[in-house]
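Listed features, source Swiss-Prot:
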- C7, C10, C26, C30: Zn(2+) binding site (BINDING)
- 44-64: region 'Disordered' (REGION)
Amino acid sequence: MSISVNCPTCQTKVEWSEKSPARPFCSERCKLIDLGEWANEEKSIPGEPVVIANDDYNNEESDY
């Protein structure tokens, strides 16, 4: 018996097996769409933002 999941991008049923190399996505296209949404900050993990203090870092003096 195989398990099926919905593609997070398009909701198409995807068999959870070696036959579906892009799982949980139905395709590489849906995988890249999801990656783009994270990169554009359209998706995020819920919770309070974390502020990382670093006294050695000064944005104005950075060479990068």
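Every residue gets a Cβ built from N, Cα and C, even glycine.
These numbers come from a predicted model, not from an experiment.
Feature annotations (Swiss-Prot) mapped to structure.
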| residue | record | Cβ within 10 Å |
| --- | --- | --- |
| C7 | Zn(2+) binding site | 20 |
| C10 | Zn(2+) binding site | 13 |
| C26 | Zn(2+) binding site | 21 |
| C30 | Zn(2+) binding site | 19 |
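Highlighted in sequence order, P8, T9, Q11, T12, V14, F25, S27, R29 have their Cβ within 8 Å of the centre of the Cβ atoms of C7, C10, C26, C30, the residues recorded for Zn(2+), and are not part of that set.
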